[in-house]
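According to TrEMBL, the feature substrate binding site maps to 48, 49, 50, 89, 193, 244, 245. If you look up TrEMBL, you'll see 154 marked as site 'Transition state stabilizer'. Positions annotated as active site, proton donor by TrEMBL: 234.
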Ligand SMILES: CSC[C@H]1O[C@H](OP(=O)(O)O)[C@H](O)[C@@H]1O
């Protein structure tokens with residue numbers, strides 16, 4: 001079952017990652033024993049999703065400590081290498097949070113860091129199941145139609161977390177309760193986390209879904225084909241403004257115009273109260289080639305350049321509710 005799939009796990013030799021760039025065609029694992037390889041995997045989105053990045057950051061400290069022990073790094077070099085992991089992608093607060101969570105245990109040795117990283121994983125899975133329950137309860141109390149038609153954006157399932165998922169965890173909970181009719185899965189260009197990863201997770205579990213172009217999301221909503229949209233988050237500012245995969249704010253605008261709920265699902269590790277509001281959030285800009293090429297084949301003219309922001313920020317005024325493991329916060 002995809003709900004049990006693990007995006008990452010520690011093995012004696014190092015951190016084993018399910019390479020998400022190969023899915024859904026191939027199930028390939030990467031055994032990470034060096035900092036450069038982990039940073040490359042993070043930047044290529046071989047491991048991705050805010051909570052999964054938090055776990056990767058936590059285990060990444062152990063990877064750096066093991067490599068530093070093999071190569072004789074001094075304390076300054078080790079700190080610098082850990083800092084490179086922490087900074088590998090800027091928008092998801094979880095990556096830095098995962099590193100910061102285990103750092104205090106480094107003085108006790110790698111085993112202590114690994115034990116804390118294991119706790120990060122356990123807590124994330126527990127949080128996601130709670131998010132699923134709270135989110136399903138809230139949706140069922142606010143939306144009358146049965147069964148429900150849900151729209152998702154990007155991938156927020158087992159692959160984006162330590163297991164079960166956030167927004168997709170709510171979808172799984174609705175499915176388990178027998179109240180889910182269909183999931184409209186935004187393909188989520190340019191890296192297709194929806195059509196490649198969310199569709200793969202849903203197909204594994206026989207959950208009915210329709211992959212749609214991102215450009216169809218607004219009209220699908222405005223035509224009354226969707227009852228609720230549920231998305232994940234990469235960083236939630238103190239005022240509720242939410243950074244998430246590019247295209248999220250368009251879904252929110254359509255939901256507002258259609259009068260249907262726009263639900264954000266995220267664990268408390270994605271909340272960043274040190275950031276007052278959304279315009280302070282750094283938006284990762286990714287390589288132009290991701291937009292100008294499809295499957296490595298150039299589709300745009302050679303003269304063309306591209307703008308490739310990986311995230312956008314949905315203002316709190318467009319969010320109906322943010323669901324975390326402690327409950328819900330309505331806006
Ligand atoms: C459960 S959080 C997943 C979150 O992360 C994704 O970004 P990326 O695929 O670039 O790591 C996207 O924003 C999802 O909503």
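Placement of Cβ uses the backbone N, Cα and C atoms for every residue, glycine included.
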In the three-state scheme derived from DSSP, which category covers residue 245 (substrate binding site)? strand
Record lists 48, 49, 50, 89, 193, 244, 245 as binding substrate; longest Cα-Cα distance in Å? 17
Filter the recorded positions 49, 89, 154, 193, 245 down to those with CB closer than 6 A to an atom of ligand 1; keep them in sequence order. 49, 154, 193, 245
Students should find that the Cα atoms of residue 154 (site 'Transition state stabilizer') and residue 48 (substrate binding site) sit apart, in Å rounded to an integer, by 11
What are the other residues, in sequence order, whose C-beta lies within 8 angstroms of the center of the C-beta atoms of 48, 49, 50, 89, 193, 244, 245 at the substrate site? 45, 53, 92, 154, 155, 160, 232, 234, 310, 311
Below 8 Å Cβ to Cβ and six or more residues apart, same chain only. Which residues does that give for residue 50 (substrate binding site)? 92, 93, 94, 95, 160, 161, 232, 233, 234, 235, 266, 269, 270
Of the recorded positions listed (48, 89, 234, 245), the greatest number of other CB atoms within 10 A surrounds the CB of 234
Taking DSSP as the reference, which of helix, strand or coil describes the residue listed as 'active site, proton donor'? coil
Hey, what's the Cβ neighbour count for residue 244 (substrate binding site) at 10 Å? 29
Which of 49, 154, 193 has the fewest nearby Cβ atoms, counting only those within 10 Å, among these recorded positions? 193
